[in-house]
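All remarks here apply to the structure that follows.
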Amino acid sequence: MFAYFRGKLTSVLPEEVVVEVSGIAYQFLISAATHRQLPEQGSEVFLFSHLVVREDLLQLYGFSGEEERQLFRLLLLTTGVGPKLALALLSGLSVQDIHDAILTNTPERLYGITGVGKKTAARIILELRDKVLKLSPVSALASPARLSSTLLRDDAVNALVTLGFSRIIVQKAVVAILEQNPGLTVEEVIKAALVSIHNS
């Protein structure tokens, strides 16, 4: 129904924003990934959108990129996955990480996201593999650089989890750090993540 919205960013919370378009304020639920891409409050913002319609609810979801919205819609096709869980996945992992987990049949990469257990992770991979492959066939052949980055991220996450930190908190911190500084070593990522977690 709505492809996208462009307007003034009037309110910003960790999981939702309000965008004013022609005098009408629209509330969007967003992922942590989209939150990181937002401009300053009061600036113009562009969000791709998805409208969830239920008997007692009309809820808009906003995305900084088309790929994220596309994956959100695919996740909703999975048995047992609703908007809340789909958004949690997109907050805890990058679009590419979820694609890689699906295409390489590694459900353990999805563990740790609130609400995602072994059965749910297995269903996501089983039900979405062909759909993700059609969307991005090149992703099936992960480049050495991307594989290296994925292994580095997993090593950093696993190391921090062994120190007693929550996997979902660690994943969010590590993903954010690698997005900003993709050239870091595992040790540097761990140190930066520890600082980020303690400061949050």
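Using N, Cα and C of the backbone, Cβ positions are placed for all residues, glycine too.
Annotation source Swiss-Prot lists region 'Domain I' at 1-64. Averaged over the region 'Domain I' (1-64), the predicted model has a pLDDT of 93.
Residues or ranges marked as region 'Domain II' in Swiss-Prot: 65-143.
What Swiss-Prot records for 144-154 is region 'Flexible linker'.
Taken from Swiss-Prot, the feature region 'Domain III' applies to 154-200, supported by sequence analysis. Broken down with DSSP, the region 'Domain III' (154-200) shows 37 helix, 0 strand, 10 coil.
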